[in-house]
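Asker: What follows is a single structure, and I will ask about it in a moment.
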Ligand code: AMP
C-alpha cells in the first residue's frame with residue numbers, strides 16, 4: 001500500500017482487539033513480538049493483564065491466599081481493560097465513560113496506550129528505524145481515540161496525527177492517518193481468517 005521495498009522495510013504492527021499484541025516486522029519478517037509462551041505477556045488486553053511482575057504470583061498466593069488456578073484465571077480473564085476499569089472489557093464502553101469524565105475509565109485508556117507506546121518504542125530501537133506503524137484489529141481499526149493517544153506518546157519518532165482522516169477511518173477502511181511529512185501511521189483492516197486458511201492449506205499440502 002505504501003510502495004515500500006519489501007526487502008528493505010521496518011514496520012511496527014499494533015494488532016489491538018480483545019486480544020492484543022505488537023510485532024516488529026523487518027524486511028517482511030517478524031523479528032519480535034510482545035507475546036511470550038502464551039498470549040498473556042505483553043500488552044494490556046480486554047481481560048488479560050499483559051506484562052506483570054512475576055512475583056505477583058507468590059504475593060497473591062502468600063499474602064492473599066489465592067491458588068495457582070485462581071491467579072491464572074484473574075490474570076487471563078479478569079484483568080486488562082476489564083480489571084483496570086472495573087466496568088467492561090469492551091473499549092467502546094470505556095471510551096464512552098471517559099468522554100463523560102470518568103477518571104478511572106480515562107486512566108484505563110492511558111495505561112493501555114502507555115504500555116503499547118513503550119513496546120513500540122522498544123521495537124523501533126531494535127529495528128533502527130520506522131517506515132510505518134500499522135493499527136489493526138477491532139480497536140486498532142475503529143478507535144480514533146486510542147490511535148491518537150498512542151501517536152501523541154510517540155511524537156518523538158515524528159508522528160503527527162491527521163485528526164480528520166484519523167476520525168474518518170473505521171469499519172474496515174484502510175489508509176494513512178498521519179499528516180504529510182509525518183512518520184507514517186496507517187490503519188489496515190485485518191483478515192485473520194484468510195491467514196488461517198492459507199496456513200491450514202500449506203500444512204495440509206505437506
Ligand atoms: P477483535 O478481537 O479484533 O474482534 O476486537 C474486538 C474489540 O474491538 C471489542 O472488544 C472492542 O473493544 C473493540 N472495538 C470495536 N469497535 C470499536 C470502536 N468503534 N471503538 C473502540 N473499540 C472498538
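Any Cβ shown, glycine's included, is placed from N, Cα and C.
All TrEMBL annotations are machine predictions without curation.
Sharing the record's features from TrEMBL:
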- 15, 16, 17, 18, 19, 90, 91, 92, 138, 139, 140, 141, 142: ATP binding site (BINDING)
- 192: Mg(2+) binding site (BINDING)
- 48: site 'Transition state stabilizer' (SITE)
Asker: To the nearest whole angstrom, what is the C-alpha distance linking residue 138 (ATP binding site) and residue 192 (Mg(2+) binding site)?
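Answerer: Their Cα atoms are separated by 12 Å.
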Asker: Please state how far apart, in Å and to a whole number, the two most distant Cα atoms are among 15, 16, 17, 18, 19, 90, 91, 92, 138, 139, 140, 141, 142, the recorded ATP-binding residues.
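Answerer: Between the outermost Cα atoms of 15, 16, 17, 18, 19, 90, 91, 92, 138, 139, 140, 141, 142, the distance is 17 Å.
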Asker: Would you find the one among the binding-site residues 138, 140 whose Cβ has the most company, meaning other Cβ atoms within 10 Å?
Answerer: 140
Asker: For the residue listed as 'Mg(2+) binding site' and residue 15 (ATP binding site), determine the Cα separation and express it in whole Å.
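Answerer: Answer for this pair: 11 Å between alpha carbons.
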Asker: Compile a sequence-ordered list of residues in the same chain as residue 17 (ATP binding site), six or more apart from it, whose Cβ lies below 8 A from its Cβ; state 'none' when nothing qualifies.
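Answerer: Those within reach of residue 17 (ATP binding site), by Cβ under 8 Å and sequence separation of 6 or more, are 46, 137, 138, 139, 140, 190.
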Asker: Given residue 91 (ATP binding site) and residue 48 (site 'Transition state stabilizer'), what distance in Å do their CA atoms have, once rounded to a whole number?
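Answerer: The Cα atom of residue 91 (ATP binding site) is 13 Å away from the Cα atom of residue 48 (site 'Transition state stabilizer').
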Asker: Compare the C-alpha of residue 48 (site 'Transition state stabilizer') with the C-alpha of each of the binding-site residues 15, 19, 142, and give the closest one.
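Answerer: Given the candidates 15, 19, 142, the nearest one is 19.
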